[in-house]
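Since the structure comes first, as structure tokens, the remarks are kept for the end.
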Amino acid sequence: MSSNYRNFRNSVPWLILFLEAVLIVLFYFFLSDDDASVSSISYPAFQDVNHMVIFGFGFFLTFLKRYGFSSTGFNLLIVVLGVQCSVLIESLLFFFLQRENEDGLKRITKAAVSMTAVVISTGAVLGKTNPVQLILMTVVEIIVFHMSRWINNRFLQVPDNISMMHVHLFGAYFGLAVSSRFSEPSPRSEKNASTSKSDLLSMLGTLFLWVFWPSFNSVLAVENKSIAIYNTYFALAVSAVTAFMLSALTTKDGKFRMTHIHSAVLAGGVTVGYAAHSIEYPWIAMILGLLAGVITILGSYCLQRCLNAGLKIHDSSGVHFTFGLPAVLGALAQVVLVVIKNCTNLPRLGYLVMIHIGAFCLTISAALTTGFITGLILNLKLFKTIPSSKYFEDQFYWEFPHLAVGF
């Protein structure tokens, strides 16, 4: 290993130990006992979100043929550390702002939802980052995301459950900004590819995400939870149907392509997240699901060429067209729905439109700016442990007792 790269063993364990020790000390001082006897969130609803973040996203990112151990293992590592950081940051905000604290189950549920942003960002740099860089990215991103939400809540008066749905938008563009600072892998790299087995495992994660997405969109809703579940399901259903239709239409031989299904079936759930609890008719959610599936598959053609060739940004798992574009569509759809519902009250209409547009612009600006800075920091020699030739490779991090037989 070149002297330009730090020893993996001498950096990762000590960073984890230091971070965990700091978290334990801060938990001791700032997290009081939970006095709330009844939580507004049920344990099954929390488990649905937990399954999504741990199992769903963990397997969703296993499409690289030689990076399966790292995709699932590193996902678990950053989630469990990130949830602790998220709970602590949320508690610090409540402590310093002298606000009434929340019950423990709601805190940990919000923390798990917040971690979706980090997991999505991880997809953009999948295979190119080491655990040190992933841990640092997790801590920075979760802090910035909470600050962005606090500004939206405090100054723009955006409801808490709606501001939380910016996780997809924030995570996608934060990850793309970080990825712009990493060197692009060689087009001839055989490791930057999938196999039928890795695609199948990745599809398993997609199915878990698809099944639990209605819970994700409704878990923090103050009211109309059943309506949010209802609308999310139909949006997901239509985006899945659209994915199969367009996949067959856009391939040369007329066959379904797994990468299309893998990315587009979730687009409807992302798009409808902002307004799932307020959409009055299911056909509106179905239209949003249709549009989300279309922009995901058609956008993949244009964006891959634009990002790779023009902007020199390598998006490992296509988070831009899987989460970024559907989230932008959802934000615009929310503004349109607000205009329709308040068209008779022009003074209030202008205020509401500016609030939603301001929250959208703030979120994406904070994601791009801090993501770019984070990418610069992660590329310092202090945090590098592997050269670009070791991208998309499990063997540098994991033991393979069966390596003599073949990997």
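The backbone N, Cα and C atoms fix where each Cβ goes, glycine too.
Any TrEMBL annotation is an automated prediction that lacks curation.
Noted in TrEMBL for the protein shown:
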TRANSMEM  12-31  transmembrane segment
DOMAIN    35-381  domain 'Ammonium transporter AmtB-like'
TRANSMEM  43-64  transmembrane segment
TRANSMEM  76-96  transmembrane segment
TRANSMEM  108-127  transmembrane segment
TRANSMEM  134-151  transmembrane segment
TRANSMEM  163-179  transmembrane segment
TRANSMEM  200-216  transmembrane segment
TRANSMEM  228-249  transmembrane segment
TRANSMEM  283-303  transmembrane segment
TRANSMEM  323-340  transmembrane segment
TRANSMEM  352-380  transmembrane segment
*Can at least 3 Cβ pairs under 8 A be found between the transmembrane segment (200-216) and the transmembrane segment (134-151), with each pair 6 or more apart in sequence?*
no
*Relative to the transmembrane segment (323-340), which of 134-151, 163-179, 283-303 accounts for the most Cβ pairs at distances under 8 Å?*
163-179
_Beyond the flanks of the transmembrane segment (163-179) by at least 6 residues, Cβ under 8 Å_ = 110, 113-114, 116-125, 128, 137, 141, 144-145, 148-149, 152-153, 217, 220, 270, 273-274, 307, 313-316, 319-320, 322-324, 326-328, 330-331, 359-360, 363-364, 366-372, 374-375, 378
_How about long-range neighbours of the transmembrane segment (108-127): same chain, 6 or more residues beyond its ends, C-beta under 8 Å?_
41, 45-46, 49-50, 52-53, 57, 60-61, 64, 67, 70-71, 74-75, 78-79, 82-84, 86-87, 90, 102, 134, 137-138, 141-142, 145-146, 164, 167-168, 170-172, 174-176, 178-179, 182, 185, 191-192, 216, 219-220, 315-320, 322-323, 371, 391-393
*Where among 12-31, 43-64, 134-151, 352-380 do we find the most Cβ pairs under 8 Å to the transmembrane segment (76-96)?*
134-151
*asked:* Restricting to the domain 'Ammonium transporter AmtB-like' (35-381), what is the model's mean pLDDT?
replied: 91
*Outside the transmembrane segment (352-380), six or more residues from its ends: residues with CB under 8 Å to it*: 121, 129, 133, 136-137, 140-141, 144, 147-148, 151-152, 156-158, 163, 166, 169-182, 331, 334-335, 338-339, 342
